[in-house]
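Student: What follows is a structure written as structure tokens; I'll ask about it next.
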Amino acid sequence: MASMEEDFPRGGTDKKSTESQIVVQRSEVDNLFQSSEQTEIKKRKGASKEDGKKAKKTKTGKEDALKLNAAGNAVEILHVKNMKEGMLLLGCVKEVTDFEVTVSLTCGLQGFLSIKNISDSYTKLLTEQLNSNDAETEEFLSLPHLFYPGMLIRCVVAKIDLTKGGSLSIQLSVNPKMVNKSLSSNFIKPGMVLSGCVESVEDHGYIIDIGVLGSKAFLPKNAVKDKHNSPEELNVGQYVTSLVEKVKNEGRVVQLSVSPKTLAQAFAEADQGWTLTNLLPGLLVKATIKKVTKHGLLLKFLSNFSGQVDFLHIEREKASTYKEEDEVRACILYVDPSTRLVGLSLRSYLVFPGTRANTVLPNGIQIGQVITNCKMTALHHASGGILELADKTHAFVHKNHMKEHSAYANENRTLAKPEHTCRILDFCLIDQIYLASLRKSVIEKPFFRYHDIHPGQIVEGTVSVLFEFGMIVHLSDHIKGLVPRTHLSDIVLKNPEKKYMEGMKVKCRVLSVDAENRKLSLTRKKALIESSLPLFLSYADARPGRVSHGYIVCVKKFGCIVRFYNNVKGLVPSSELSSETIVSPEEVFYVGQVIKTKVLKCDVEKEKMLLSFKAAVEGNVEDPSKSDFECEVGKKVNAQVLKKLVGALEVSILPDEIPALLPTMHLSDHMSNGPLLWESLQEGDTISNLVCFCKNKQNISLTKKPTIKWALEEGILAKDFSEITVGMQLFGWIKNIMAYGVFVEFPYGLVGLAPKSAMSDKFITDSTTAFELGQTVVAKVTNTDEEKRRFLVTLKISEVISPVGDQQTRLTNGVQERRAVTEMLSMRENNELRHQLSNLSIGQKLKLTVDSVEDSKATFMSDEFIGSTILATKNHFIGQKLSPGQKVTAIILFVDVLSATVHVSILSKLLSKKKSLSEGSKYAATVQFVEKDFAIISLGDTAQLAIAQTRSHLNEVILHDAERLKPGMTIHVEVIDPTCEALQGLPLVSWERNPDKRNCFGDIVRGTVRSVKPTCIQITLENGVLGIVHVSEVLELDQISLGSFPTSTVKVGSNVTARVIGGREVSSHRFLPFSHPNFKYNCPELTLIPSKLKASNFKPIIAKEILDRYAVGDEVTCFVSKYHPDKKSLEVTTDPNITGTIELLAMITDLKDAGHPEKLYKLGQAIQAKVVEVSFKPQRFVLSLTGTYKLEKGSVCVGVVTNVQLHCLQVKLPFGGSGTVAVTDLSDAYKSNNLNAYSKDQLIRCYLLGCENGKWHLSLRQSRINPGQTKTLKDAEVLSLDSLKPGQIIRGYIKTVLEHGVFIRLSRNHLPPNTVITTKILSIDQKEELVDLSLLSVDTGKPDILPESLGLPLRLVGEEKEKHDTKRKRKLSGSQKKDLPTKEKKSKKTKVDDSDSGVEVYFREEEKEEESKLAPVKCSTGQARLQVTGGFSWDVGLSLLKPVSAKLEGDSSDGEDQDTRTQKKTRNELEREKKEAEKALMKREMELMDPNLRPDDDTAFERLLLASPNSSLLWLQYMAHHLQATQIEQARAVAERALKTISFREEQEKLNVWVALLNLENMYGTEESLKKVFERAVQFCEPMPVYQQLADLYTKSDKAKEAEALYKIMVKKFRQSKAVWLSYGTFLLQQGQNDAANALLQRALKSLPSKDSVDVIAKFAQLEFRYGDVEKGCAMFDKVLTSYPKRTDLWSVFIDLMVKHGSQKEVRALFDRVIHLSVSVKKIKFFFKRYLEYEKKHGTPQSIQKVKEKAMEFVESKGSETTS
């Protein structure tokens, strides 16, 4: 660096010499040291300026070290700010872990002793243990074996760290070399007490490391045995406090003792030469009290040493007895050499070593406990205060904990406060006192210790830091928890840093707490946090039947492991994952998924649990209540009000006092009555006739809504989503109002959505103004979503049907609720006025006096109702002149007891004599008064008042003010009851705002038949509404004959009586604008069946109830509804709500009817069918018309061919079945290629032979289908071996084999599959189930099917054989005969195929005289036989084939075809031929031994693969071998074998095979097969290389479209991979899509990290040079290098590209730019060198000279810069 700076000075003044710098630095260090020491003195003692000046004159050296400490004036405790490195302290072990010891220090301080700060010997042993795996290493003990709580140790402050939170962390050390560093060997004297650590274990004792250089300390083993609370054997690193017994050789040898008695009496004496520099904590001294203060004592010890005892270390019992000059025993607590401060203790457990520090918390007070009624007994202004707790225990409050951080300290107020509330922070072992805090912020903290947190608890914290494995959340200053990565959200977050930021407040739920190890696990999964299900905190909580939310921690093939809280976990087996079969759970479930589970079994002792997902979805939550009382939904209960909440009442169900909730909105159907009832009810009141509408684990919800109660009683509800069907009508209430619609809640917690378009028949612009929260509504289900378990409803009045008398019932209920409010208010308080007002009723007349008259109203007075307000609006005294004091008669319209207001009218038409009313009479009524949900009306001129509701329908929507009822408005009413008791004698009336012509369920109607259709009848009712009668609702079932048309019994124009049984949605397009093309209205569904017309108790029947009546196999009468040509199915109905389907295969029995099955059945025709399948979830109703409803063995049915395979037909059967027809079962007479007669979708009649593994074996033989019509069988079925006899001639089919089969080549070339052949049975082995067959023409009588061209010898007999043998021998040449050995003639066998198939074909050829000797096989007929096992299939395997004959290898067949003359060869020729044969043999052997030789047959490949099964190269060559022979399937099979054989560790080898298989499918397969291989490869390999390889394959095979589509997927899936973007860019540029490549670059820069931007741009620029525009590439490089001019690597690449693609002028300009860069000389030298090489190659001598001149100029400029 020095030389560099001299070569390249950075400017400024000349450098100073090294010597002058050193002098300056020394003076600065000295000044800083003095300054800091002076500052410390001032800070501690508060010295004056003069004292500071004197301090500067203090001498240094030996005299300073020996100077004694001066006595202080004040006693303070030791604060953390006074702690310094090198300070010696006496500590007490508080907690021991494997790697750290927590040490309690005086004054509530705490330090930490690391495992590396024990001793040098222990550190060495620890290092050896970590680096060595040798079992013979010296025994190593962890810290818990060396230290124990309560142990007193001498330690030194090794380091003071600043934590992230800003607090100080004190790191301690007990290393003797640091603790005793001030001691020397000549200083050690007998009687001293020293601390040390065991260095080594010897035979008779221990070598103790006391940290004194030149001294060896020895501790005999017999001195250890009586040591208190220590093991008999000490170990390396063990801390010991020992007494020096003997000192030898001037301190070089020291003998120690650890006797407790001796140590207790070992006091430090003045003659031992102790000084402040070597004074040690833990020493016992005899001291004299020099001064007694309220904050402590000042002592004098060891002649002239001064020390202090703070109030924490004075014996409280003797505090008042201490006097000056008293002699006391004291123990040194700490020594600060820099400030000469010595702290001592007088506590008995320290000055009498026989006693130990108490580690048990006294009086059972727990850390973190909040204690009240505490008294401050003492206050020490610089230290803190002493609190006396309620049980007389004392606690110390540090001054920092007596107030908040920012609060002003007022010690007098704190002391004067009579009572305090504190939180116990800790227990100080060395001080033996509790530490407490008075800070309100600390006291109010919900969590102070890990013990305060419980699993399942909801907590709030602050995000601290994000790691790869999770997120740290701080719940308080000292409590933090981990949110694992899988628990950051309900879904896996790819970029959690985008959602969570440091300092963010988050809500979590506690998963588990390990208080001892201070480990806390949290979750941020919303599904767990908001779960209302019970929590499984232990296995005892997981009772069978209970349901809870858990999260998946493991997914295997056998099921999922689900974990809950406190590490409670269980197994969900694969059978319980879903109601549907799941083959691969890994594809459906994922780790971290929150899912609802149900407990099936739980063994608490073994901690094993069996769970189910399926049962949790299908079943209800079973959690028996603590009480025997079970509040089921729909049950009537009484409850007592416990507490009035905002918007609800907290009640308890009587008599078992089960807590429940009664929302205010559920007090009434009328929204105005709910708040009135809530106001009138008080705590302790009993509410009767409540009904439970929802029950979960958190609470029970009750309702008093009359409409909801009625619906629950009548069963008009759905208990689960599975019971909800389209068209069902339900009663509920508005749960939530959104801009897009309203959510309607129903009993059992079901919630449906009513979109804005389905809220009303009117056009709604703002959904928030249409309904109110809690409003009761009637809804009709219009749509269901099974997958997401959601449904839609409509609230349109035109599409829902209200119950009979609904309006009147709601009115009476509402008036009675108002009456109840009035009575409760009058009885609640002792108020006479309210009592009088409650007795008033509507329509009652009063004598009043006019009080005042105004334009809008008049007020009246009454002596009976003093304090009330009686008024009449302008409309009620119009036409009359009123004056104050005038006496009038008025009629009451409305009484408001709550506000003590009475509304009256003095109109004469209301005060006149009342006329009687009759039931059913109709009037034009005038609205007199309106109050929220109710209106007071007068009926015509009858002078009768009545009450009406402002909404005539539950779902009525009032959008405009003009639609609201107002005084003076006229409405049309009908009298229902002239005098209704529920209305206190007022008439009960009904009214409709816009009376329509709709009919209600159960109404008897009359009408005229308008039209008769096969499936329905249209009837025009008397009110003009068009009704529809379904074909099933015309006649009684027993009156319907099969094949008839029930609707034909009704004539057009006839008058009929019907009953309304429902409604139907009918689309109408008449008289509608284009904007409403799909408007719907309801028309009533009617019935004409007499029994239903007469039924008195007529109730609607839902579809589920009807389906429940049917069972599989039942015969039902149904009606043809529709034929679907596309689906080839018939739709039938049994009821207006029930539709069934009949598939084509279940419709016909004769194949002739398959062409037009719709002609068999007419619309509306009554037919008889059998039930095949019936289910409600999902709704399926499948029928059959063939008389059968299931497949049975031996029956005949119709099937359809789905696939024609090589050996069989795949057939689809009715009722969801499927089967196969073997080639031998196609017909009774075998034919070649008989499968060609069948095609896909062809209908056939099948005979069911039997079922195996759900697949049926079928037969198409006429002998099976029509047994009576069969003729003589040409080829009978071979059912068993018993039906075969030796010598029998039978026919059969040749079948294909596996790749190792012996007949593979023969089948392919000469024996096509399914060729009919005739064979003869030679023998039958019943035991082995073997059938010996013959194909010889002599046996079968048929021509030989194996031609001579195959190279096999002809198997002839008799004279033909002799003739053939003679002819062959004539053709043999002389040379061939001589090649045969003459002395030994061995029989050799030759396999027909190269591969080892397990079957060998043998033939023999020998000379005539040796024919008997060389016959290797014993055969009666002399021909070769092929044995085949019974039921043999070539596809099964090769182990069943057995060779039964052998062949001998004779002359080659070539010799037979040559007709050469035999001539005698000379001796030389024979010798030459012999040598050539030997050379050829050696050459062949060398070829076989050559590892690089490519095999040429299957056997050679198999032999090599046995040696190298993991070599992908061999496997690929094997595949290529098959592909050369166009054996595509064999190549695929080899690839599959390779993937199974290659070890899973050889990832690259497997990838090579996958790529080869992809290439194969790309060239020879289909797009679908390529896709399947690709999907498999992605599963088993790293996805990105597989994607890249496929993209390369597409590119090489000119499939640009597929390649581009794949690249688009890749850049989304692997957006963080730089290679993918570059590969895509290369592809685009190769395709000439320059603009697309430029756009891709911009996308890449946004997706990739910013650090990769430069490299990506540079790579794209290189691609532009190679495939795109050179100028564009230059521009990109220029742009990058302008921003990053020091990237010499990019300059070098740029130069290379320009040399290759640019002109000489451009290259020289580029070199000129480079050599002027501000980079190092070394790099410039490199570019000059390249510049010169370029000019030498492409330039002229002049250009070369110019480069040299530029180099010289550069060197000179750098030299001048260096000189300056």
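Cβ atoms here come from the backbone N, Cα and C positions, even for glycine.
Sharing the features that TrEMBL gives for it:
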COMPBIAS  7-18  compositional bias 'Basic and acidic residues'
COMPBIAS  1376-1394  compositional bias 'Basic and acidic residues'
COMPBIAS  1402-1413  compositional bias 'Basic and acidic residues'
COMPBIAS  1458-1473  compositional bias 'Basic and acidic residues'
DOMAIN    86-175  domain 'S1 motif'
DOMAIN    191-259  domain 'S1 motif'
DOMAIN    282-347  domain 'S1 motif'
DOMAIN    456-525  domain 'S1 motif'
DOMAIN    545-614  domain 'S1 motif'
DOMAIN    727-796  domain 'S1 motif'
DOMAIN    1002-1077  domain 'S1 motif'
DOMAIN    1113-1186  domain 'S1 motif'
DOMAIN    1194-1261  domain 'S1 motif'
REGION    1-21  region 'Disordered'
REGION    34-61  region 'Disordered'
REGION    1360-1415  region 'Disordered'
REGION    1447-1473  region 'Disordered'
REPEAT    1618-1651  repeat 'TPR'
Student: Let's see if you can do this one: DSSP helix, strand and coil counts over the domain 'S1 motif' (86-175), in that order.
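Tutor: Helix, strand and coil residues of the domain 'S1 motif' (86-175) number 22 helix, 36 strand, 32 coil.
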Student: Below 8 Å between Cβ atoms, which of the listed ranges 191-259, 545-614, 727-796, 1002-1077 makes the most pairs with the domain 'S1 motif' (86-175)?
Tutor: 191-259
Student: For the repeat 'TPR' (1618-1651), find every same-chain residue at least 6 residues outside the stretch whose CB is under 8 Å from a CB in it, and list them.
Tutor: 1584, 1587-1588, 1591, 1595, 1600, 1603-1604, 1607, 1610-1611, 1657, 1659-1660, 1663-1664, 1666-1669, 1672
Student: Is it possible to list how many residues within the domain 'S1 motif' (282-347) are helical, extended or coil according to DSSP?
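Tutor: Final tally across the stretch: 9 helix, 37 strand, 20 coil.
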Student: Mind checking how the domain 'S1 motif' (545-614) divides into helix, strand and coil residues in DSSP?
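Tutor: Per DSSP, the residues of the domain 'S1 motif' (545-614) fall into 8 helix, 35 strand, 27 coil.
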Student: Of the residues in the domain 'S1 motif' (1002-1077), how many are helix, strand and coil by DSSP?
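Tutor: Per DSSP, the residues of the domain 'S1 motif' (1002-1077) fall into 10 helix, 33 strand, 33 coil.
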Student: In the predicted model, what is the mean pLDDT computed over the domain 'S1 motif' (1113-1186)?
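Tutor: Here the predicted model's pLDDT, averaged over the domain 'S1 motif' (1113-1186), is 87.
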